[in-house]
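Q: Dumping what TrEMBL says about this protein:
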DOMAIN    10-456  domain 'Major facilitator superfamily (MFS) profile'
TRANSMEM  45-68  transmembrane segment
TRANSMEM  75-100  transmembrane segment
TRANSMEM  135-160  transmembrane segment
TRANSMEM  166-185  transmembrane segment
TRANSMEM  197-218  transmembrane segment
TRANSMEM  224-243  transmembrane segment
TRANSMEM  296-317  transmembrane segment
TRANSMEM  329-347  transmembrane segment
TRANSMEM  353-379  transmembrane segment
TRANSMEM  400-420  transmembrane segment
TRANSMEM  432-455  transmembrane segment
C-alpha cells in the first residue's frame, strides 16, 4: 500500500478534527436522558445542549474564511482546537444545565472554525489533479463520525458516564493540536479585505435564529408564536444580509460565487443530498427503536454497517470518478440515494435484519462517494483569491441543509400525528419521513445532469 502524500497526511489531520467535531454531536444525542437524570432536569430541557452548540456554530461559520485570511490558517486552527478541547473539559464538569449550555456554545465556536478552515487549508495546499484523492482521505473520518456516534455514545453512556463523551475529545484534540502545529501550513492573505463585522452580525444572527427554529420545530418544543418569531426574525436578518452583501466588495458570504457553474451546482445538488443525510440522525434511531421495537444496543449494531460500507468504498472513489466523471457519478448516486431511502421506508421487522444492514451498508458507500465528489468539484473553477469566501459559503449552506433535513423529517411526523390523532409516531409515520427526505434527495439528479460532461476533468482525470 503506498504511503500517503504530504497533502493526504494534511487531509488526515483535518479529518481527525472533523471526526472529533461530528462524533461529539451525534454522541451527545444518545446521552440526553442520562444528562437529564444527572442534572435533575427534564429530558426535553436537555435539548438546549444541542441547540446551544448549533448557535455557536451558526454565528461563526460565516466568519471562518475571513479570519483565516487575516490571522493565518494554522493560528486560527490551533485556537479553534484549544477552544473545543477546553470547552469539552468544562462540559464534562458541568453540574447545571445553563453552564453546560454555555460551554456547548463555546464548543460550537470552536467547531465553526475548525472544519471550514481545515477544508480551506487542503484546497489551497493541494494540486488540483490530486484533490479528489486528498478529499477522499479527508471525508472518510468525517463520514464515519456521524455513523459511529450513536454506537460509541450508547456504549460510553451505558458503561461509564455521559461525562466521558466529552472527555473523549481531549486526547483527540491534543493530538490534533500537536499535529497542526507541526504539519499544517500557515496560509494568510498578504492584503486581506476589511473584516465585514456588520455582515457577521446579520448573517450570524440570522443563521442562529433559523437554527433555533429548526431545533424547536424538530423536537416540537416552544409555542407556535415562538417558532414563528424565530423563523420570521431569522429570515429578516438573512434578507438584510443579502442586501448588504451585494453592496460591498468582500462580504463574508459572497453569493456572487454562485455565478460559477460548478460551485453553484455543487451547492444546490449537495443541498438536496444533505437534506436527506441530515434527517438520518433524527429518524433512524427512533425508526428502529420506536417503530421496530429494537433496543438501543440492537439499533446500534444494525446501523454499524453503514460506516463499513463507507470504509470499503473509500479507496475506489478516485478510480470511479476517473472512469465515469463527476456528472455521471453524481446523477447515479442521486438516484441511488432515493432508492435506498425507499427501501428503508418499506422495511418491516419480519424481514431479516441482515438485509436492512446490507441496505445501510449501501447507503454508507453511496454517501462516501457522494460527498467526496461534491466537496471536490465545488472548488474546481473557483479562483484562488476567492477560496476563503467559497469555503465559508459552502460550509454555511451545508449546515443550513443538514438542519433543513431535520425540519422536513420532523414536519412530516408532526403533520401525520395531527392528521391521525396520535402523539407517538408510528412505523408508518417514520416510513413517510424517509420517503419525504428521499424525494428531496432526488432533486440532486437534475442539478447534477446540468454539469458539463467535462466538469472537473482536471481533478478526476476523466477524459471522456
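One-based numbering along the chain as shown.
Every residue, even glycine, has its Cβ placed from backbone N, Cα and C.
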Q: Given the cut-off of 8 Å on Cβ pairs that are 6 or more apart in sequence, determine whether the transmembrane segment (400-420) and the transmembrane segment (224-243) share at least 3 such pairs.
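A: No, the transmembrane segment (400-420) and the transmembrane segment (224-243) are not in contact.
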Q: Take a look at 75-100, 166-185, 197-218, 296-317, 329-347 and tell me which one has the most Cβ pairs under 8 Å to the transmembrane segment (45-68).
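A: Per the Cβ count, the answer is 197-218.
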Q: Can you give me the average pLDDT across the domain 'Major facilitator superfamily (MFS) profile' (10-456), rounded to a whole number?
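A: The average pLDDT of the model in the domain 'Major facilitator superfamily (MFS) profile' (10-456) works out to 82.
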Q: Considering pairs 6 or more residues apart, do the transmembrane segment (353-379) and the transmembrane segment (296-317) have at least three CB pairs under 8 Å?
A: yes
